[in-house]
């Protein structure tokens with residue numbers, strides 16, 4: 001800017017002199033050498049101190065950094081005075097006042113309680129618990145002594161299973177045996193609960209070519225059907241009656257008496273039968289399988305060993 005003013009002043013002075021000295025009609029050319037001096041001033045501004053981002057608000061410095069003014073003359077500029085360093089202390093590593101975020105809150109749920117200690121062993125070992133889908137596979141109790149008559153065998157293979165379902169033992173009834181015999185000896189396979197006035201429940205079954213009432217009661221009517229009743233305990237009106245109806249009548253708590261009879265039929269007729277067979281009928285009083293009463297009369301197994309034949 002100083003150079004521009006000087007050059008302009010010289011040009012104006014030259015013009016005025018020409019007007020005063022030059023005679024009329026005389027052209028005077030005056031050459032002026034104009035020297036333009038350009039001065040470059042380099043100002044070194046210190047880099048600001050980098051302060052790490054923290055959670056505190058830094059205090060203002062006691063003195064702002066001094067920035068030298070731009071010189072107004074063409075003379076050699078004076079060196080800028082030294083810039084006083086900022087009074088903001090640089091935090092030492094590891095000593096920053098930065099407050100870390102609070103730790104996440106603990107979970108609201110309480111820790112799981114410790115497992116209870118195992119119960120002390122009792123004087124008599126408890127029977128093994130049955131798996132959920134089938135009766136226990138522990139050792140079977142001893143079978144009835146040989147030489148037992150038909151009534152004792154049929155009664156045993158009812159009561160051994162009833163005890164596993166909290167049901168009392170059945171008492172043999174000659175009247176129920178008599179009505180069962182009449183149906184069995186008819187050799188006509190099918191239910192009939194009207195004989196001798198009725199009022200009883202009934203299970204029927206047959207075996208082709210052999211006679212084993214123990215296997216019929218324990219294997220076919222109890223073991224095979226008890227598995228199919230899993231999941232129905234506590235249900236007053238379970239479905240799929242034809243899959244487990246023999247089993248539930250055998251262990252029905254409200255039933256107190258039973259009478260059975262097995263007849264040999266050379267040509268068994270009726271539902272799904274035929275040929276030589278042994279036809280077994282068991283009648284029960286009071287009758288079981290009453291709708292709306294299953295939950296109180298058919299209890300889950302207690303885990304006693306499985307009986308097999």
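Cβ coordinates are placed from backbone N, Cα and C, and glycine is handled just like the others.
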*Pick from 164, 283: which does Swiss-Prot describe as N-linked glycosylation site?*
164
*Cβ neighbour count (within 10 Å, all chains shown) around residue 164 (N-linked glycosylation site)*: 24
*Does DSSP put residue 164 (N-linked glycosylation site) in a helix, in a strand, or in coil?*
helix
